[in-house]
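Here is the structure we will look at.
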């Protein structure tokens with residue numbers, strides 16, 4: 001199986017682990033630097049979940065190729081006005097979204113020295129926090145959450161921060177906060193879950209975490225964003241280093257029902273099944289047939305970031321002989337993002353993937369980056385469709401409609417990659433209820449059990465307990481959670497979060513026996 005060379009992989013993975021450095025002399029697209037003029041092209045509408053004008057994308061030959069469809073300049077670029085998606089009030093749906101039906105107590109295990117996660121050492125400006133937080137090798141409960149019932153936990157494969165939504169729909173956050181991604185109005189690290197005051201008047205139904213940014217969705221379908229906005233990943237129409245308080249994104253279309261965040265980009269889906277993306281276009285992960293790359297002055301490479309949500313207008317399939325055909329009438333039902341790739345599940349149970357192709361994470365049996373959503377062939381057969389999708393840092397998962405779990409990409413990037421979807425034999429016959437991926441570890445709630453695996457080094461996110469093996473290449477039951485029913489699992493870069501059901505007295509007793517974690521604070 002071909003494997004991405006280390007040198008090539010360096011293009012994607014941060015060289016210093018701090019999430020900004022990249023190989024080569026490239027500069028990340030910032031507000032500085034003159035944007036070069038691009039020739040206008042005719043546009044025609046095609047694909048997508050509903051009508052509405054949108055850039056037609058040229059599909060002569062392979063998509064991408066650095067081409068981009070012409071469009072009006074976005075705010076902050078050449079002084080043009082941002083093109084904000086707007087739906088007239090009388091045709092706008094009125095929705096009241098429901099949050100998850102789960103109820104339980106939050107458990108955490110893994111790395112909790114938030115500023116050290118994914119880095120060799122704590123940065124100088126965070127030096128005071130150097131010795132705060134430890135690796136929790138088994139499940140713990142937070143002392144400060146006694147009596148708080150949780151319905152959703154959220155983190156991300158690139159994230160060193162976490163969120164929880166209470167049964168009342170209130171959003172709490174904690175962890176790394178260098179860019180204000182916790183939404184508390186400052187950039188101070190927070191050791192244990194704390195209510196986001198700026199959203200206390202809203203009922204939050206779901207949320208998503210990028211590397212240093214956060215999106216929150218209200219019950220009426222509005223989206224609030226906070227954290228890093230250097231690449232426009234907050235969708236506020238500008239590029240700024242940090243936005244520490246929740247701000248509503250520049251979008252006035254149909255209500256949003258689903259969201260996902262990659263490392264430095266975001267995806268939102270409306271109630272009609274249209275998909276919109278914004279942020280860093282570097283590997284084509286926004287799906288607009290371009291990687292947004294251009295040469296600025298002094299031969300510097302910069303990126304033309306999308307600063308407001310823009311519709312993903314075209315979906316394609318490639319035939320065996322290399323022909324590219326548009327796939328019309330795609331109605332999106334779910335979306336998931338890895339560090340630099342995106343997966344979509346549509347109403348016909350088909351899966352599309354695009355963005356960074358390294359390690360085979362797109363499932364197209366090749367490592368090419370894809371600039372527009374491309375059909376993953378395996379799930380395009382009657383009875384073979386997908387029912388759930390999940391994206392890891394460098395891998396992808398799907399659960400088929402008959403319940404089989406499929407995997408492609410790589411969790412351990414120093415070993416063989418899986419270039420197309422393959423059944424996960426270890427979990428054959430298990431009913432997958434919830435799955436989450438960290439940087440290289442996986443955790444699954446299946447039937448009555450919790451299962452995890454991941455290569456070394458790990459930091460406790462597998463939950464096997466003290467004095468037990470720290471890593472496992474094969475799926476293993478998490479024995480420390482025996483008798484505890486996991487309603488939902490979530491994973492950050494190297495920590496795990498579980499909602500433990502606490503309906504019966506026996507369940508409450510089991511949870512009570514777990515150690516309490518009361519982190520030291522400054």
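First residue shown is number 1, and so on along the chain.
Including glycine, each Cβ sits where the backbone N, Cα and C put it.
Remember, predicted model here, so these are calculated numbers, not experimental data.
Outside the compositional bias 'Basic and acidic residues' (502-515), and at least 6 residues removed from its termini, the chain residues within Cβ reach (under 8 Å) are 103-105, 107, 138-141, 149, 483-485. What Swiss-Prot records for 502-515 is compositional bias 'Basic and acidic residues'.
What Swiss-Prot records for 16 (among others) is phosphoserine, and it gives a large-scale study or a structure entry as the kind of evidence.
What Swiss-Prot lists as phosphothreonine is 20 (among others), and the listing cites a large-scale study or a structure entry.
Summarising the annotation, Swiss-Prot assigns phosphoserine to 43 (among others) and lists a large-scale study or a structure entry as the type of evidence.
The phosphoserine feature in Swiss-Prot is assigned to 44 (among others).
According to Swiss-Prot, the feature phosphoserine maps to 45 (among others), an assignment based on a large-scale study or a structure entry.
Annotated phosphoserine per Swiss-Prot: 50 (among others), in sequence order, evidence recorded as a large-scale study or a structure entry.
Annotation comment: Swiss-Prot describes 51 (among others) as phosphoserine, evidence class a large-scale study or a structure entry.
Residues or ranges marked as N6-acetyllysine in Swiss-Prot: 92 (among others). Counted within 10 Å of its Cβ, the other Cβ atoms near residue 92 (N6-acetyllysine) come to 15, all protein chains included. In the three-state DSSP assignment, the secondary structure recorded for residue 92 (N6-acetyllysine) is coil.
Other Cβ atoms within 10 Å of the Cβ of residue 124 (N6-acetyllysine) number 6 in total over all chains. Classification of residue 124 (N6-acetyllysine) by DSSP places it within a helix. The annotation N6-acetyllysine is assigned in Swiss-Prot to 124 (among others) on the grounds of similarity to another entry.
Per Swiss-Prot, the feature N6-acetyllysine maps to 293 (among others).
Residues or ranges marked as phosphothreonine by Swiss-Prot on the basis of a large-scale study or a structure entry: 342 (among others). The Cβ of residue 342 (phosphothreonine) has 30 neighbouring Cβ atoms from other residues within 10 Å, across all protein chains displayed. Following the DSSP three-state reduction, the secondary structure of residue 342 (phosphothreonine) is strand.
The DSSP secondary structure for residue 377 (N6-acetyllysine) is helix. For residue 377 (N6-acetyllysine), the same-chain residues 6+ apart in sequence whose C-beta sits under 8 angstroms from its C-beta are 317, 364. Residues or ranges marked as N6-acetyllysine by Swiss-Prot on the basis of a large-scale study or a structure entry: 377 (among others).
Annotation source Swiss-Prot lists region 'Required for interaction with RAC1' at 318-325, citing experimental evidence. When averaged over the region 'Required for interaction with RAC1' (318-325), pLDDT in the model lands at 95.
Here Swiss-Prot flags 221-271 as repeat 'RCC1 3'. Helix, strand and coil counts under DSSP for the repeat 'RCC1 3' (221-271) come to 0 helix, 29 strand, 22 coil.
Across the repeat 'RCC1 4' (273-347), the DSSP tally of helix, strand and coil residues reads 3 helix, 35 strand, 37 coil. Annotation comment: Swiss-Prot describes 273-347 as repeat 'RCC1 4'.
Recorded residues residue 124 (N6-acetyllysine) and residue 293 (N6-acetyllysine) have their alpha carbons 32 Å apart, per Cα-Cα distance.
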